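**Q** Supplied in C-alpha cells, the structure appears directly below.
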Amino acid sequence: VTGDGTNDGPALKRADVGFAMGIQGTDVAKQASDIILTDDNFSSIVKAMMWGRNVYDCIAKFLQFQLTANLSAGFISVVSAAAISSVPLRAVQMLWVNLVMDTLASLALATEPPTEDLLNRKPYGRTKSIISPFMLRNIFGQSLYQLTVMFTILYAGQYFLDVESTVQKIQYDPHAAKELSGQFTLVFNAFVLMTLFNEINSRKLHGERNVFKGIFQNPFFYCIWIFCFAAQIVIVTFGGRVFSCAQLDIYQWGWSLLFGIGSLI
C-alpha cells in the first residue's frame, strides 16, 4: 500500500508493506509506513523489492553454506572421538575453518549484488521457511559427500594417497595422536577445499545449473575466495606444529584439489 496523507495511515499500518512519500507525505503517513520513499518516486518501490529479496537470499546462502560445513565438521569430530579417541580436525584448524565460515564467507555471500532475475520469480510466502527443500537437499547432499571423502581418507587413505595410517598407529600407541599426521592433514586440507568450492555452490538457491553465473560481478566474493585458497596453501605448507599440519606432496595436493572440485558436481 502506498499513501501520503493522514487518512492513509490506517491502511499503511495494516498493510504487509506500507510505502509513504518522503517529500509530500504527512508525519502520520510516515510513522505508519514500513518504507519511506525519500524521492517520492514510485520506481523506487521496484528497487526496494529487489534489494529486499536480495537480502533474504544472502541470508539463505550463508545458512546453506554454514550448516553444511558445521554438519560435516561436527559429525566427523564426534564419530572420530568415539572411534579412535582422537579428532582429525585440531582446535587451531577448526578456528581457521570457523574464520572462513563465519567471517569471510559471510562477507563474500552477503555482498552479492541484486539482479533483475530476482523480480522474475514469485515472492516468498509469509510463512515460508527460509531453508527451502532445495537447500536441504544441497546441505545434506554436500555433507554426505564431504563426510564420505573424509572417512575414506581416514580409513583407506594409506592405500591410494601415499600416507601413513595414523588411525592404525593410535590403536597401538595412543600417544601417536599428538604427532604431526599426514593423514589428518589430508583430512583437514580436503575439508577446507571442499568447503571453499561449496561456497561457490551456495551462491545459488533455486536449482540453477551454472553456479559461476555472475561470479565476477562481485569482487568481494572472488577476492575473498582467492585469499582463503592462498591462505590454506600457506597454512598447510608452512604451518607446521602451529597448525598441526604435516607436509603434503604434489600428489596429495592434487587429490585434495580433486575432492574440492568434486563439490561442484
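Cβ coordinates are placed from backbone N, Cα and C, and glycine is handled just like the others.
What TrEMBL says about a protein is an automatic prediction, not a curated fact.
A quick note: this is a predicted structure, and the numbers were derived from the prediction, not measured.
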**Q** Looking at the ranges 61-80, 181-200, 241-260, which is given as transmembrane segment in TrEMBL?
**A** 181-200
**Q** Kindly state the mean pLDDT of the domain 'Cation-transporting P-type ATPase C-terminal' (87-265) in the predicted structure.
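**A** Mean per-residue confidence for the domain 'Cation-transporting P-type ATPase C-terminal' (87-265): 90 out of 100.
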**Q** Sort out the residues at least 6 away from either end of the transmembrane segment (144-161), same chain, that have Cβ-Cβ distances under 8 Å to it, and list them.
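**A** Distant contacts of the transmembrane segment (144-161): 68, 72, 75-76, 79-80, 88, 167-168, 183, 186-187, 190-191, 194-195, 198, 251-252, 255, 259, 262-263.
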